[in-house]
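Participant: Sharing a structure, written as structure tokens. Questions coming.
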Amino acid sequence: MTQSSTPAERHAWLTQKVAEHNRRYYEEDAPTIPDFEYDALVRELRELEARHPEFAAPTSPAQTVGGRPSTLFEKVRHPTPMTSLDNAFSDAELAHFDDKVARALNLPPGSRTFTYTCELKIDGLSINLYYVDGILQWAATRGDGEVGEKVTANIEGIPGIPTQLPGLQGELEVRGEVYMSKATFLAYNLKAEEEGRPLLKNPRNGAAGALRQKDPAETRRRGLEVILYALGKRDGVPVRTQWDILEWLRAQGFATSEYARRVTGSEAAAAYHAEMTAQRPQLPFDADGSVVKLDDLRLQEDAGYTSRAPKWAVAYKFPADVAQTVIEAITIQTGRTGKLTPVAELRPVLLEGTTVARATLHNEDFIRGLDLHVGDTVRVHKSGGIIPEVLGVVLEQRPEGSTPYAFPTHCPVCGHEAVRHEGAAGTFCTNPACPAKSTLRVRYFASRDVMDIKGLGERLVEQLVDAGLVRDPADLYALTAEQIEHLEMGETTTGGVRRVGRKNAEKLVAEIEASKTRELWRVFRSLGLPYVGEGTATRIARVYRSLEDIRQASVDDLARIPDVGRQVAEGIVQGLRDADMCAYLDRLTAAGVQPTPSVDVRVGEQLAGLTFVVTGTLSVPRDVIKLHLGQYGARVSGSVTKKTSYLIAGEDAGSKLEKATELKVPVLDEAGLQKLLAEKGAPPLP
């Protein structure tokens with residue numbers, strides 16, 4: 001559509017475009033154009049309707065939308081972290097969880113029968129409500145557990161969330177799940193289908209798409225609901241058990257679950273789970289399991305946490321649904337390491353609320369083990385409730401004349417020979433210049449969680465590789481603005497090609513230049529070595545000052561680092577000594593890449609050799625204290641033993657204080673800890 005079209009034609013085009021982009025955000029939670037392009041479309045539509053009132057209508061997007069529903073929400077740090085849960089998938093694993101609770105409390109397994117509160121695990125969006133002196137200050141999504149996004153305006157129309165709690169003093173965090181009920185989801189999609197609008201994929205996507213935008217009216221139209229079930233900070237709240245928390249929330253006017261139950265022992269918890277599994281089809285909302293929590297709050301505190309989850313709670317997942325469908329084709333994807341991964345292209349089938357059309361087949365051995373043929377009817381489930389996976393073949397429905405699938409001997413992208421080494425499970429493209437490997441490797445290198453090079457998106461990377469300007473990430477550092485400015489960024493509002501332009505090209509070159517001094521863990525992770533994610537990269541970067549130091553480390557050196565292990569260490573050493581990797585590292589160095597040492601190396605090891613346990617209520621959150629101690633070389637444990645150097649104890653310290661007294665472990669309050677930090681030359685608590 002051009003600007004020279006008639007006003008009526010232009011109005012029709014603008015109306016269609018704005019409505020399309022609204023749908024992509026509201027229904028799909030997936031905007032496809034930048035904010036400024038969207039704003040330009042809306043602005044032009046409004047101006048056109050102002051000049052031609054006859055075009056305006058109550059249903060026009062110009063009359064019904066406000067500002068662009070932005071994905072850039074204000075970030076907020078949760079006063080206490082929102083942790084994940086470990087999973088159980090059988091009664092035996094639930095019994096094992098019961099044993100682990102006992103061990104976390106320094107008790108022999110089976111020596112005590114614990115009381116648990118059992119609740120349904122709702123498949124929605126986690127929310128944290130923060131109150132000060134009884135007044136709601138903000139609501140935020142879970143985010144990464146430490147930092148979430150404020151969505152306060154969007155939750156205010158959801159029933160069961162009071163904005164004031166009379167008589168309450170201090171800080172309070174109330175946590176729960178925002179969801180869309182099955183009935184609301186079905187009604188929404190029925191209406192959307194009648195109106196020719198895209199359907200929601202599942203209730204959770206419907207809730208997420210409504211909650212994460214800045215038009216509260218749209219949220220209200222979605223009919224979201226909430227169930228609250230937990231407290232973070234809880235100044236002045238008179239509760240001693242998880243069951244007390246649920247009753248207190250209900251008394252304050254919060255929406256709570258009618259399906260919660262307090263039980264005695266893990267067998268009773270398993271019976272609750274079996275009952276909920278049977279009721280699952282009749283539940284008014286999607287749920288993917290039950291949550292079993294140690295009821296006594298003091299025992300929860302004593303049991304403590306692992307690095308990612310509480311030791312006193314577990315999510316017992318419902319059995320995965322299994323569906324039958326047909327493998328219509330098997331395609332091959334080449335990854336950034338060159339590995340060829342087979343994918344089953346399935347006849348679309350509904351599975352656990354979503355349509356499944358693809359499933360990974362892992363490798364050649366997996367296909368051979370199932371004796372898969374194209375055209376086979378197969379049984380499919382979601383592994384862990386998330387990843388579609390082929391379980392087996394329905395042999396009686398195999399088409400006559402079908403033959404076993406032959407795994408390719410050449411890369412589907414570049415045509416180069418693909419090799420499977422003896423003893424290896426994977427088949428790999430051997431072409432170092434394979435475009436698929438180059439593109440994915442550079443995209444991985446530039447991604448936010450690795451080198452964090454802003455502005456280097458998928459489309460630009462593909463063009464740089466296709467043009468021969470970039471073969472691997474080291475080539476990025478030779479790019480100039482002149483080489484980048486004429487590449488494509490996307491389409492204009494009129495359907496033309498939008499180029500990068502000189503200004504954006506210069507910004508990108510500056511971003512690439514700035515990445516030369518990224519933290520060591522980022523540069524190390526960017527190498528794409530087997531099993532080296534953020535956690536492993538961070539742990540190793542805390543020990544060594546440079547990439548060269550890591551290259552000189554032996555398998556034994558690396559294996560001694562906590563949570564690295566020998567298998568990972570062997571993979572790292574082998575990868576770093578590979579001839580191609582050595583040449584690549586030399587090119588990075590020649591390009592001027594000089595990683596900044598990670599924080600632990602720079603500050604030294606003032607607390608090295610000391611083991612701390614932190615318990616009780618302190619003015620500084622316990623997780624902040626633990627992180628601070630760990631940054632300066634200390635080991636932080638969840639239980640008191642003879643090897644504990646110090647117990648940091650606040651109010652209501654509980655059984656850990658008793659254990660420390662029994663074992664004659666030194667006990668420090670906050671003032672004592674600050675004094676110790678000063679004596680050791682470490683900075684004070686933040």
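Even glycines carry a Cβ here, placed using N, Cα and C.
Reproduced below are the annotations present in Swiss-Prot:
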BINDING   ASP35, PHE36, GLU37, TYR38, ASP39, SER84, LEU85, GLU119, ARG142, GLU177, LYS293, LYS317  NAD(+) binding site
ACT_SITE  LYS121  active site, N6-AMP-lysine intermediate
BINDING   CYS411, CYS414, CYS429, CYS434  Zn(2+) binding site
DOMAIN    602-686  domain 'BRCT'
Participant: Other residues near the Zn(2+) site, CB within 8 A of the CB centroid of CYS411, CYS414, CYS429, CYS434?
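Facilitator: The surrounding set, listed in chain order, is THR334, GLY338, HIS410, PRO412, VAL413, GLY415, HIS416, ALA418, THR430, ASN431, PRO435, ALA436, LYS437.
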Participant: With CYS411 (Zn(2+) binding site) as the reference Cα, tell me which of the recorded positions LEU85, LYS121, LYS293 is the closest one.
Facilitator: LEU85
Participant: Would you kindly give the Cα-Cα distance separating ARG142 (NAD(+) binding site) and CYS434 (Zn(2+) binding site), rounded to the nearest Å?
Facilitator: 39
Participant: Could you give the mean pLDDT over the domain 'BRCT' (602-686), rounded to a whole number?
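Facilitator: PLDDT averaged over the stretch: 84.
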Participant: Taking just the CA atoms, what is the gap between LYS293 (NAD(+) binding site) and CYS414 (Zn(2+) binding site) in Å?
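Facilitator: Cα of LYS293 (NAD(+) binding site) to Cα of CYS414 (Zn(2+) binding site) measures 53 Å after rounding.
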Participant: When the Cα of LYS121 (active site, N6-AMP-lysine intermediate) is compared with the Cα of each of the binding-site residues LEU85, ARG142, CYS414, CYS429, which one is closest?
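Facilitator: With Cα distances computed to LYS121 (active site, N6-AMP-lysine intermediate), the winner among LEU85, ARG142, CYS414, CYS429 is LEU85.
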Participant: At the Cα level, what's the spacing in Å between CYS429 (Zn(2+) binding site) and ARG142 (NAD(+) binding site), rounded?
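Facilitator: For CYS429 (Zn(2+) binding site) versus ARG142 (NAD(+) binding site), the Cα atoms are 40 Å apart.
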Participant: I need the CA-to-CA distance for CYS414 (Zn(2+) binding site) versus LEU85 (NAD(+) binding site), whole Å please.
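Facilitator: Each residue's Cα considered, CYS414 (Zn(2+) binding site) and LEU85 (NAD(+) binding site) end up 43 Å apart.
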Participant: Which residues in the same chain, at least 6 apart in sequence, have a Cβ under 8 Å from the Cβ of ARG142 (NAD(+) binding site)?
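Facilitator: Counting only residues 6 or more apart in sequence, the Cβ neighbours of ARG142 (NAD(+) binding site) under 8 Å are MET82, LEU125, SER126, ILE127, ASN128, GLY148.
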Participant: Under 8 Å Cβ-Cβ from LEU85 (NAD(+) binding site), six or more apart in the same chain: what's there?
Facilitator: VAL291, ALA309, PRO310, ALA313, VAL314, ALA315
Participant: Which Cβ among the binding-site residues (CYS411, CYS414, CYS429) has the fewest C-beta neighbours inside 10 Å?
Facilitator: CYS414
Participant: Fewest other CB within 10 angstroms, which one of the recorded positions LYS121, LYS293?
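Facilitator: Comparing Cβ neighbour counts within 10 Å for the recorded positions LYS121, LYS293 gives LYS121.
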